[in-house]
Amino acid sequence: MSRYNPAASSTSIIPTSNPPPPAQHERATTLRRGKTLTRPERQVASAPLLTPPAPMIPGSSKPIVPANTNTEVWDWWVIMSLIVTFWAPPFVLAACGMKESSVRQAWREKVTLCAISIFLGGIVVFVTMGLNSTFCPVEDQDAVSTLAVLGGTANTVGISGWAFNITNSTVSNSVDFYKLASAMPGQDVTSLFTRQASDYTQCSNFTARFATTSPCTSTSTTQNTSCPLSTLGSSTFSSLNIYNTTRQVGYSWQNVTNSLYYMVIDGIVLNLDPYLTANPKVISGDDVDAAIRTTMAHPSGGKDATRLFRTLKSTEEAIPCLKARYSVGRLDKISPGCFISALFLYLCLGVILTVILIRFAMACVFTWFLSARMIVPPKNLNRHAVSPMVMPSHGAKFSVHDPNGAAPWRGGTIKRPIKGPAGPGKQLASTEPPAPLITQAQIGAELFTVSLVTCYSESLSSIKATCDSLAATTYSDHRKLLFIVADGMITGEGETVSTPDHCVGLLEADERFGNPLPMGYTAVGSGKKKENRAMVYAGHYVTGTGQDRHRVPTLVIVKCGMPSEASDKKPGNRGKRDSQLILMNFFSRVTYNDRMTPLDFDLFRKTQVLMGVTPDFFEVCLMVDADTVVSPDSMTHLVNCMQHDKLIMGVCGETRIANKRQSWVTAIQVFEYFISHYQSKAFEAVFGGVTCLPGCFSMYRLKSRKMDDDDWIPVITNPDIIREYSQSEVSTLHQKNLLLLGEDRFLSTMMLRTFPNRKMMFCPQARCHTVAPDTFSVLLSQRRRWINSTVHNLMELVRVRNLCGTFCFSMQFVVFMDLVGTVTLPVAICLTGALIINSIIDPPQNFTSAIPLLLLASVLGLPAILIIITTGKLIYAAWMLPYLCALPVWNLILPVYSFWHFDDFSWGETRKVAGEGKDLGHVDDKRALVASVPLRRWEDWERSRLRRIKREERRQRDQERLERAFSPREDGTLAPSFRYNSEYDTSDASSMVSSNDDDQWGPQIGVYNENNPSFPPPPIVFAGDDHDGEIFNENDLEAILDQGFDLPPKSGPYGSYGALSSSTSSFNLPHGGRLMADTTVPRFELSDNPASTTPPRGGYGNMQSTAYYPIKASSPPPSTDLGQSQSSTSAVQRAFGGGHAKQRSGGDSNKHWGPGGPLMDPPMTKDSWP
């Protein structure tokens, strides 16, 4: 066969502001998706969270596989876990039941994380309670807070440093306390009382003069006589009617400086006038006397002598004696320790209160103002946009002169194809004037949206309620596609019918597709679980009556498993993440025109027939759980948010509890759900950084338009995101908690790390209701997964430096506070209880001691105020009471249980399946089997489909030649005797497929013909279809898909296509150009006759290139069997091939079976496939 190359004297260029590619890259290429993906966003890619990409073999697309993949990674985290758990050697853990090294390592990491949590909790306890006690002892706190300031407290005098009340004192001839107190309130009168040196026990061990000098030898002018009053004691105080106020006299530094005989040691003010008067001369050999006279020699008077007396041991030992004999009071100032402690507390109060108030204010601003702008329908849609076109009913259409590249199913202007196959020298059709590209205004405000519903073990009523709510939304039925995934052949606990039966039973099946066959795809799992098969049921979901009737295109994907899983309890089950990846992989391969699995190609065909457009028209995806009921206007609000800002890559709505009054467990969750949305998510949305989009109700952008609308940027379909999200083999506990417990939060984390300059938003106007756990065991299991996933994802997010904000007022700091707050929840609730009890017993006396109470009131009170002012309903504040009563459950029981179960990666009691044991994950120990799912590009699958149609039509023609009348078929129906007029019916020579050229991929394409004239054509989405390009019929399309074509070289930076070489064979194109085969330019093509027909090593499923390896008629086909019939108890026969899905429901064995029950037999017609 000849190869075709396009050439034209005049071309139609797609308007774009992008410069042309460099000249050295303008070489002949095969069909490609050159647009959209040529330039990624300009940013430095983050390091992978899980497994870095494997290096590639030069010149090959196969990754380098290490010789020993079981080698343990000795990073710092593993070493640290070994150090922390050194006391638990491997043989001890093995004796405790931990036989596998991975289990032991997970246990070590769990203990390490718990130790870190305890350490952080200890820091919080020290900062809250120990810091003040350490830096500011009780005596310092009491002294500062209970001082009677000198000169500031009337009717008081000082005796040995304590303030005595003299209000009722007795007046004598020798002493008038009223006169002394009026002269200077609080002045020291200790020298008026009779004292002996032996009265001071602290001085009994000293013989120096400072300890033995008689106290009553003073001749100071402040007293009339020396010691006129009785002995210093309580009896004397009683006789004088004075009493101790238990408050020390406070001296300021000014008071100390004004006296020549005052000095300070450890904050105690000493009056050394009696000592210096009794000992006017220097005492040689007395270190204490030398220190006193050195201090008194200071020209400014009294001085702090603490450091001087702490220098020598002899002087330090004399300090207690000096304080006992000469103390007159205490310095009225905060000690350095108390100052540091108070400063730290005030700083913490300021930072925490500022963050709380800012979060409160930002949440209010977002709820009141910003969120309302997001949901306004777009007005200016008159923007040019690059977009794929509708696949015609006969072959694909695309512009062969598109220098920017396009997917092979991309459309152009309407051309009228000539009947019959095109060949060299044969004109196709006359061209029409080129029309502008499809614009955003033509698409309208309602983007094409796919709604993913993941089902596992839910009841029929739950699934139906979810589908009814999605179908009944105000969003157009022609712009939304229900994408329901049943995760395995599973029957929920208490159910009599399997989940796939529930899903398929709700579908109004499209008869043109018949009974689906299991299609292979690469699943999330290891070993045998790496490969899986699924059946795609296509039709419409119908709900409502009259004007409220909705008929929504629907795909039901039933994961039925491999034939070897027929006897398993959960065949086909691979988890929710695998269900999400079916959709993500499909749209990623469509966006990139990458190689597709059989399941992807089946989804492509059925999506196009149901929607009337190819799948790359879809831009957004709404993910909901099967127990979620969506409000009617929610989908419209979420899509408007996407239209409002192209930088939004994900948005979630408000999730409310549908069964809030069912039990006390549901009642305590109502307020918690509310504040998590209106406080946390609303605040994060102001900066465009919502850290977790809940999987029960979130919308993601599949791909985003660039600012000039001339290119696409894949978002959730980004290969980096899909590669990390599809990891199945992880080694550390941290990676397992990321992947296996909180898929939704992990997906949000990856998107924020991959696109830190894009936005994750919250839309409070979009609401849904979900069923919350109603028993404590289910709540415990759910929160274990959520808390552990939160901790590990926050550990990754806190390392992202380019989040919004700076320093303490940045999203990174907020994430750090959330991480510390989550880890220290048990300690925080214990401190809260202690604080409340202590405040009741001993109420705070000043502002400093009341700071913790202020913080507690702010944390608990502001959310209630936020709820009232944002909703205007007091009933929501009433739900705060059950929440506050359950604080020990939220902050103590659940976190402690979760932390100790860091190494538990199962879903526990959240969703039970009939007869299920403990969930061990989607891991198979037998790693020898490698997935062998074929991967081929769309054009290869399409070529195989066209060839199969030709084979079937040829067989039908041969049959009709032999039988001119009606004759019975094997199934009992009658075959028509009239000739079937096929569009391929020209001559036998026109068929490019010989009778022995059976396509090996035929069984994996599906046995239906979506273009069967017996059924109505796909819906017409756009009224006009005037777009630039040629239309080829199926013969032309097959020839191009078979041979490929090259773009001719350009001349000059923007020049036209050059002239043809003399060594080309060509045939004319409609507008004067020619499709030609250049025999001089070597090129890579999808050849049907390669030099070697030997299949690649590892089977057809391991092909890393796009080459097509045919199989001779005499050789057996590869292992792509769609499942031969199993035993009667584990499999059912299908009308168009053997199946292996386990039969879960009863029914007539003579009928056609779906995933678990009989289906209605469609009437056999002349177009039915044998």
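Every residue, even glycine, has its Cβ placed from backbone N, Cα and C.
Bear in mind that TrEMBL entries carry predicted annotations, made automatically and left uncurated.
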Subject >> Correct range for region 'Disordered' (source TrEMBL, candidates 1-52, 209-260) >> reply: 1-52
Subject >> Tertiary contacts of the transmembrane segment (76-98), as residues 6+ beyond its ends and Cβ separation under 8 Å >> reply: 104-105, 107-109, 111-112, 115, 732, 734
Original post:
Relative to the transmembrane segment (819-841), which of 110-131, 343-370, 847-869, 881-900 accounts for the most Cβ pairs at distances under 8 Å?
Top reply: 110-131
Original post:
Over the domain 'Chitin synthase 4-like' (249-329), what is the model's average pLDDT?
Top reply: 87
